[in-house]
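S.K.: The structure is given below, and queries will be raised subsequently.
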Amino acid sequence: MCGILAVLGCSDDSQAKRVRVLELSRRLKHRGPDWSGLYQHGDCYLAHQRLAIIDPASGDQPLFNEDKSIVVTVNGEIYNHEELRKKLAHHKFRTGSDCDVIAHLYEEYGEDFVDMLDGIFSFVLLDTRDNSFVVARDAIGVTSLYIGWGLDGSVWISSELKGLNDDCEHFESFPPGHLYSSKSGGFRRWYNPPWFSEAIPSVPYDPLVLRRAFENAVTKRLMTDVPFGVLLSGGLDSSLVASITVRYLAGTKAAKQWGAQLHSFCVGLEGSPDLKAAREVADYLGTVHHEFHFTVQDGIDAIEDVIYHIETYDVTTIRASTPMFLMSRKIKSLGVKMVISGEGSDEIFGGYLYFHKAPDKDEFHRETCRKIKALHQYDCLRANKATSAWGLEARVPFLDKEFINVAMSIDPEAKMIKKDEGRIEKWVLRRAFDDEEHPYLPKHILYRQKEQFSDGVGYSWIDGLKAHAARHVTDKMMFNASFIFPHNTPTTKEAYYYRMIFERFFPQNSARLTVPGGASVACSTAKAVEWDAAWKNNLDPSGRAALGVHLSAYDAETPLSNKPSKVIDSIPRMDFPGVAIQS
């Protein structure tokens, strides 16, 4: 992922301002270590830190149209750029970059071209003919983006908080699937799929249609001019991604450049069963498998760096980001610049444990809609920033626009978990890839139920974090937490500890408002907490808070604060792609 920074209409075209923009842009250099670019037109500045994936030799940014009147700085990948180039055959392209189509599409279609882009992206487009500008973010928010406003009337855009938090009076997360136009002075949603209204779909489940849609989502992400691999945890989602990639890699341009044998990556504490599962899948698929180990102390030592890069104080996001952050550094050291990952499946198919308690298919579907809409605050944020911290790009085929449309059009009755009928979590996805003649995965992996952390699994990592936080946060600090942190007040010492670090890096009120909060059980939305009355007294992101679902769920009588720490922290494995945690 690249880093973009733009300052628009700042009423200052001095050399000092240019130096300041360059200084802020360098804060994003980890995202794009391959090249830095800055374009200035009067009091508008467009900066770019490039991670070169497509056309490394000539695709440096900012990008221009033929007469350089349209200027674009963009972070992302446009998978249908070759098809779009054919529609723009009368235009002259300066580079082979997939993002080179954006300026020319604007020339042809004005601001209404964004929905034509198939990919992940955040971009700023400046029309120097009238100094108007357009900013847009991809449909789900796979790429990170923030917008801010200065006292001088300027508008600031940055891939990360750290690019604008010190210079803006107010800033916020740029909403996914939206466009900001200087001509209208506001946002409008360009992404309007049928599922967004949360209306209940009725298309009959067809496993072959679902299979083809996901295969297309994976294969289009094999577009690369640099070495790449897959994150493989041994869970269903990452294993399917790896299986499809292996099946279709041969014959691609990437295979001709870098070889047809896929590289896979996994990280975990020594002895993790997930490391074993990933190794089993890798052996079955014939990948070149790389297994990285880390210790609890390694993770604790990295916490401050993780919070600085991930830009959140959400507990579960930080816990999950840390091993992914450590793994990304190892992957980059091997010369790999892009990985394909498995985020998004649990949100689309209702894979989390609490979905067992969905009262009916209507509420099941609405909850999946709510979860997808919130992904940019959680898993997308983690996957994007944990990898970008080391100049690595993560691609997520489950969040492909076309695939989501297919998956979210299925009658949710087919997605409902019905154990008495042999339908476990994500049954429709498993069934779609159950091919007896040409198996994608061994049966026991394809139909492996979503695993929980059992005795000894994950305890040393989570307990280590809690013990470390307890040494830094006193009972008195917790007693006064609501006065120190009135917004999203931390309720545990671990949360308080993360919050202190976050506020040191990002002390502004706007920064703390970018982080979500609210009641949750087993990663649910606040609305889904209403599904079971017992959950309201056991609010915790842990899967064991899903009373009546998790095999080792909390008993309803004991207050959450009295649970032994090893019970509180025994969470279900969320299939963080390539991440395995074990004591």
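Placement of Cβ uses the backbone N, Cα and C atoms for every residue, glycine included.
Copying in the features that TrEMBL gives for the protein in this structure:
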type: ACT_SITE; residues: Cys2; note: active site, for GATase activity
type: BINDING; residues: Asp98; note: L-glutamine binding site
type: BINDING; residues: Leu231, Val267, Ser341, Gly342; note: ATP binding site
type: DOMAIN; residues: 2-185; note: domain 'Glutamine amidotransferase type-2'
type: SITE; residues: Glu343; note: site 'Important for beta-aspartyl-AMP intermediate formation'
S.K.: Cα of Ser341 (ATP binding site) to Cα of Asp98 (L-glutamine binding site): how many Å, rounded?
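M.R.: Rounded to the nearest whole number, the Cα-Cα distance is 21 Å.
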S.K.: For the domain 'Glutamine amidotransferase type-2' (2-185), would you mind checking the mean pLDDT of the predicted model?
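M.R.: 94, rounded to a whole number.
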S.K.: Among Asp98, Leu231, Gly342, Glu343, these being the recorded positions, pick the one whose CA is nearest to that of the residue listed as 'active site, for GATase activity'.
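M.R.: That would be Asp98, nearest by Cα distance.
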S.K.: Starting from the Cβ of Glu343 (site 'Important for beta-aspartyl-AMP intermediate formation'), draw a 10 Å sphere and report how many other Cβ atoms land inside it.
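M.R.: Total other Cβ atoms inside 10 Å, all chains included: 29.
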S.K.: Would you give the longest CA-CA distance, in whole angstrom, between residues of Leu231, Val267, Ser341, Gly342, the set recorded as binding ATP?
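M.R.: Largest pairwise Cα separation, rounded: 15 Å.
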S.K.: Where Asp98 (L-glutamine binding site) and Gly342 (ATP binding site) are concerned, what is their Cα separation in Å, rounded?
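M.R.: Just about 23 Å between their Cα atoms.
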S.K.: Run through the Cβ atoms and count how many others sit within 10 Å of the one on Gly342 (ATP binding site).
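M.R.: Taking every protein chain into account, the count is 27.
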